[in-house]
Amino acid sequence: MKTLLLTLVVMTIVCLDLGYTLICFISSHDSVTCAPGENVCFLKSWCDAWCGSRGKKLSFGCAATCPRVNPGIDIECCSTDNCNPHPKLRP
């Protein structure tokens, strides 16, 4: 009986997800599971020389904290799964 109980306890621990992992977009359609300690999804946008004809450049990803904002760069941060979609694909 003790062996059965021990086996059930071990299986429960193995099957449980003991830590929450965040999922963030890394491109318009692809997402990844963030590394431990990366608790924020971000979407960074900025203009380059072709901004008028091609639109803003975009960078997606995971981070431990929201990246610093520099002049001319817009950053949006969030902390739920896939919360950083491409601006044109938002509901």
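Just so you know, glycine gets a Cβ as well, placed from its N, Cα and C.
Remember, it's a predicted structure, so these values are computed and weren't measured experimentally.
In Swiss-Prot, C66 is paired through a disulphide bond with C77, chosen from C77, C78. When you check Swiss-Prot, the disulphide partner of C41 from the set C15, C24 turns out to be C24. When Swiss-Prot is consulted, the disulfide partner of C51, picked from C47, C62, turns out to be C47. Within the group of disulfide-bonded residues (C41, C51, C62), the Cβ with the highest number of other Cβ atoms inside 10 Å belongs to C41. Each residue contributes its Cα atom, and for C51 (disulfide bond) and C77 (disulfide bond) those atoms are 22 Å apart.
Here the candidates are the disulfide-bonded residues C41, C47, C77, C78, C83. The one whose C-alpha lies nearest to that of C62 (disulfide bond) is C41.
Spatially close to C24 (disulfide bond) yet at least six residues away along the chain are S31, V32, C34, C41, F42, F60, G61, C62, D81, N82, C83, N84, judged by Cβ distances under 8 angstroms.
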